[in-house]
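Colleague: What follows is a structure written as structure tokens; I'll ask about it next.
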Amino acid sequence: MSSDLPLSLPPPDPGVRGRDGRAQGQLEVEMQNLEEEKNRVIKEAFIRAESEMKAVHENLAGVRMNLLSLQPALRTLTCDYNSLKRQVQDFPFMLDKAITEAKQEICQVISDVSSTNQELLRKYKREMNLRKKCHNELVRLKGNIRVFCRVRPVSQEEQDSAADAKTMLSFDSDDDAVLYLANKGKMMTFELDKVFPPQATQQEVFQEVQSLVTSCIDGFNVCIFAYGQTGSGKTYTMEGIPDNPGINQRALRLLFSEVTEKAPDWDYKISVSMVEIYNETLRNLLGDNPSDKLDIKMNPDGSGQLYVPGLSEFTVQSPEDINRVFELGHMNRATACTNLNEHSSRSHALLIITVSGFNSATGNRTQGKLNLVDLAGSERIGKSGAEGSRLREAQCINKSLSALGDVINALRGKHSHVPFRNSRLTYLLQDSLNGDSKTLMMVQVSPLPGNMSESVCSLKFAQRVRSVELSASSSSSRRHENSSTSSSPTHDSIELDSPPVTPAPLPLSRASSAGSTLSSTSRTPSSSRRRSQSQLSTGRLKLTA
Ligand SMILES: Nc1ncnc2c1ncn2[C@@H]1O[C@H](COP(=O)(O)OP(=O)(O)OP(=O)(O)O)[C@@H](O)[C@H]1O
């Protein structure tokens, strides 16, 4: 590149011309250097600018590329934005629509659930009715009145006097409804619904009665009687001992566990009364004054039901409540007499449990009553010439046990008249013995040789109670065999007499008229097949008077 700098200087003088010529030369050199320097700098700047320009171009190309690639994304974003904008604008309408649809769906589901519920309720009611019918049918087949026998074990103190006990009483290993009794050289056969040998436990006994117990939850009235002479084990079977309770306590515990299981649908109330009947007088064992006499009256509500004005009733809600009620009953029973053991042998003790249920879903109500009765000793005191108060006691016991036998006889024979009013006991239990109620007679037998004649009487009473229904059903074909040999099991005829408590000799002629004859070959099936399963457990409720 050339320099075009304008230089106009005046002509120098000769002296000066030499110096100036050098200076000019120097200047020109410097200018030449500067010119070159300028050109070099310009060239470098040009080269730098060119490379920077190139880099900028390259960047620009990259940015262009990026822009090109971002364009579709931008378009998509724009689209999305527009769509979202539209959605946001439409949202209130969509929300309204969705809410309306959801409401319709919920209404539909509710109506579906409601109709399913109605259907289930209908089926539930039908099943309940069916269950009740089946239960009734089962009970009808088994007989509304059943008779069990329990032989108590020989105690330690009795071991010496009971050496012959084992040979006198024997059991059938193939049939748990039969008991053999060797008496005066003859082998008598007693066929009942179930026989418990001495080794039977409280639990085994309860297992056989628990279906009766639970049927009161379904509204049935049930009576369980312990019958037998003094010391034969009635109280042991019904009350038991503290660490091995009997039917009373086990029944209440089972009822608690059963109603607790049904709790979501059913609301149950279990209430308890305790009554003693001594010399035909009714006493309230849970009342403030147990020596007050109670009366049985017709309910003024016109229902035709009997009721006992002033009878205390406790609502029990837990096993602890049960214990407190039993303690109170025992205490009141003990305070009302001088010798509790003697007194309890001569009075009937009744534990009356009422189970009332309400099903809030169906509106159904049920009420069942379970009467657990420890009867007075059935021995024939009158025969031994008792006098005074003992005679009166014996007469009262005889009267009520005879009345009970007559009532059961009339019920099983389906007589048009049932003599409930002949004793306080049967009158009080009238509602629970009548209709489709269920009764179990647990006949207690002592294994001691000294008690043999009373054992025979008790078993004959048991046989009589049981045979009435047998004679009314298909058992009329049954026959019995007699033999006077004692070497092999032979059978004495079983006469149908009144309860063995009656002091006067009993009318044997009724045996043949009822036609109850027995044979060891026509026994009912083993009752082990009839057992139903249920377990004990506890509930938690509150004690109220
Ligand atoms: N199955 C049994 N196992 C063990 N001991 C028993 C059994 N049955 C009865 N006993 C005992 O035999 C005795 C008499 O029984 P219990 O008092 O129950 O007779 P009871 O028939 O109720 O007499 P009472 O008429 O005097 O009330 C008691 O000591 C009792 O503990």
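Cβ atoms here come from the backbone N, Cα and C positions, even for glycine.
Pasting the feature list from TrEMBL:
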- G228, Q229, T230, G231, S232, G233, K234, T235: ATP binding site (BINDING)
- 508-538: compositional bias 'Low complexity' (COMPBIAS)
- 144-468: domain 'Kinesin motor' (DOMAIN)
- 1-22: region 'Disordered' (REGION)
- 470-545: region 'Disordered' (REGION)
Colleague: Show, in sequence order, which residues other than G228, Q229, T230, G231, S232, G233, K234, T235 on the same chain lie with their Cβ within 8 Å of the centre of the Cβ atoms of the ATP site.
Modeller: R152, A226, S345, G377, Q444, S446
Colleague: Identify which of the following binding-site residues, namely Q229, T230, T235, place a Cβ less than 6 Å away from any atom of ligand 1, and list them by sequence position.
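Modeller: The qualifying binding-site residues are T230, T235.
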Colleague: Rank the binding-site residues Q229, T230, S232 by the number of other Cβ atoms within 10 Å of each Cβ and report the first-ranked residue.
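Modeller: For the binding-site residues Q229, T230, S232, the Cβ with the most other Cβ atoms within 10 Å is S232.
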Colleague: Take the Cβ of G233 (ATP binding site) and count every other Cβ within 10 Å, whichever protein chain it belongs to.
Modeller: 22
Colleague: Limited to the domain 'Kinesin motor' (144-468), I'd like the whole-number average of pLDDT.
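Modeller: When the pLDDT values over the domain 'Kinesin motor' (144-468) are averaged, the result is 87.
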Colleague: Among the binding-site residues listed here, G228, G231, whose Cβ has the fewest other Cβ atoms inside 10 Å?
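Modeller: Per-residue Cβ counts within 10 Å for the binding-site residues G228, G231 bottom out at G231.
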Colleague: May I ask you to report the DSSP-based helix, strand or coil state of K234 (ATP binding site)?
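Modeller: K234 (ATP binding site) sits in a helix per DSSP.
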Colleague: Which number gives the other C-beta atoms within 10 angstroms of the C-beta of K234 (ATP binding site), all protein chains shown included?
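Modeller: Cβ-Cβ neighbours of K234 (ATP binding site) within 10 Å number 29.
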Colleague: Measuring CB to CB from T235 (ATP binding site), give everything in the same chain under 8 Å that is also at least six residues away in sequence.
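Modeller: In sequence order, A226, G246, S344, D374 meet the Cβ cut-off.
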